[in-house]
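Provided herewith is a single structure, encoded as structure tokens, for subsequent inquiry.
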Amino acid sequence: MLYQLLHTVLSVVGVSLNAFMMYLALTKSPKIMLPCSAIITIKTFTDILTSAMSFFVMQRIVTDGSSILVIPTGPCTHLGPTACYIGHMFMLCFLECNLIWMISSYIFRYYILYVRDPSIKSLVFVAICLSIPSFIHMATWISNYDPTVAIAIPENVGIESRDMVLGGTIVTWSALTLIIQLFITSILVLIAYAWIRNTLLSFAVKMGSDKNDVKKLNTRLVKVINFQVFLPSFIFLGVFVFVGMFTQLIDPKISQYLVSVIFMFSPICSPFSYILFVPHYLNVILGNKKVSEAKSTTEGCTFRHVNMAASTSNTPECSA
């Protein structure tokens, strides 16, 4: 019961924070920031879906090294094991799409910096194209899932007779595959972060001392990505707990509750990278309307008169 309450609180907080951030991006962003607001909207949308699936399944992941079992405790249990397995796959898939979009947003930042602003349609199109492989992969596993397969439940792992248990070859290999993919994608996020951070710092040096507005905007953006680089750390921590359980270094009676909970902190913390380090959104929240409008005007002037450097005036909020 306590575990379900914790999952409910985390899911509600995740949905609420990201819905609020999406509202700010859609309704409170200046027109010069439209591409950036689209990038934020897509990111927060995947975070909302991740949080919703976490509530729907409220899963525990158990392994003794020979098999992987998923124990759902959420509303999906009223719909049957197939619905719970679908929810389990969707949650892991949305987590992966979230990481992939972070990498893509770094690439878009570079594109905005040195080429031009992408259109909203192109951003949405890219987001859809990037999600297709993950959903095809997920659909393949779901189509092969058999809820009637016999499950061997290991002893002394804290599973009770009343628990719904998802297991079998498909559950084991699908969960293992997606967790490995999350780990690899998180590493790619760190590599992309190092690349775009060096790019932004190099660009700031090239600007010179006479373009302070642009350099300030770049500084804000670096702060955003410095905060966001900690988001994959929750994925790493969850994977490490799973590996400890898989190798029997950690007692599964406790660690089975940790993996999904740790994963949930990534979508919960994500909106704070914009709220804390993007002055425009922070001023809106604090009610400093005049300050917010003044900063937007300054950014607009920078955008119109600094040529290539002006592209960065669109980038302070271009963060996944």
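Here the Cβ of each residue, glycine as well, is placed from N, Cα and C on the backbone.
The transmembrane segment annotation in Swiss-Prot covers 5-25, 38-58, 83-103, 122-142, 176-196, 230-250, 258-278 and rests on sequence analysis.
Could you give the neighbours, burial and distances for every feature on this list?
Panel annotation: around the transmembrane segment (38-58), residues 3-4, 7-8, 10-15, 18-19, 21-22, 25-26, 72-76, 84, 87-88, 90-91, 94-95, 97-98, 101-102, 105, 108, 120, 123-124, 127, 260, 263-264, 266-268, 270-271, 274, 317-320 of the same chain, lying at least six beyond its termini, place a Cβ under 8 Å from a Cβ of the stretch.
Residues 42-43, 46-47, 49-50, 53-54, 56-57, 59, 70, 72, 74, 76-77, 127, 130-131, 134-135, 137-138, 141-142, 145, 147, 164, 166, 171, 174-175, 178-179, 181-182, 185-186, 188-189, 192, 228, 231-232, 235, 260, 263, 266-267, 320 of the same chain, all 6+ positions outside the transmembrane segment (83-103), place their C-beta atoms under 8 angstroms from a C-beta of that stretch.
Outside the transmembrane segment (122-142), and at least 6 residues removed from its termini, the chain residues within Cβ reach (under 8 Å) are 35, 38-39, 42, 85-86, 89-90, 93, 96-97, 100-101, 104, 108, 170, 174.
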